[in-house]
Amino acid sequence: MTDEDVLDEFRVSGALLEGHFLLSSGRHSAQYLQCARVLMNPARAARLSDALAASLPADLRDALDAVVSPAMGGVIAGHEMGRALGLDAMFLERPTGTFELRRGFALEPGARVLMMEDVVTTGKSSLEAIAAIRSAGGEVIAAAAIVDRSGGEADLGVPFYPLIRLSVPSYADDEVPADLAAIPVTKPGSRA
């Protein structure tokens, strides 16, 4: 699947949005990729996950024991990646503001985990998820995402495999261009 094929999946599903968005990272952007929209169609979610799973190195695929993703955005992406790889998929929640495994999910000590995200912007949520997986006894040997919108700048401390890597400008509060600041802000992300 080419980058253009991936973007077409977002366009067809109405998941490539334009406006003024406050991202979960706290940064502002004129574009937003609403992965929930692209993943709501099971066939589309399967196509994207199958393509990402196939792009992972074979030795990595063979070494994995489980897929763990952060809620909310990563739940479907993680589940689909688990399906594509033939592995159990679990998700982390933030009941008190810190990610943790709940609902009876548990990792065997030393379980080799792929941390799966829908979109990575700064890597903050991914790093929190990786820390939670380690706290739960897992060994994160790689991370993956449908979209890396950091343009390759996010450092997750483990090998990172996105299906598509984009350079979408984002801005701190005090750096928002005037034309973007003139548009009412929408907060579509995963952090309240």
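Backbone N, Cα and C define each Cβ position, glycine as well.
The 5-phospho-alpha-D-ribose 1-diphosphate site recorded in TrEMBL comprises E117, D118, V119, V120, T121, T122, G123, K124, S125 together with one of R83, R94, R102, R103, namely R94. Across the domain 'Phosphoribosyltransferase' (48-154), DSSP assigns 38 helix, 33 strand, 36 coil. Separation of the C-alpha atoms of R94 (5-phospho-alpha-D-ribose 1-diphosphate binding site) and R149 (orotate binding site): 23 Å, rounded to the nearest whole number.
Neighbour counts of Cβ atoms within 10 Å were compared across the binding-site residues R94, K124, R149; the minimum falls on K124. It is T121 that, of the binding-site residues T121, T122, has its Cβ surrounded by the most other Cβ atoms within 10 Å.
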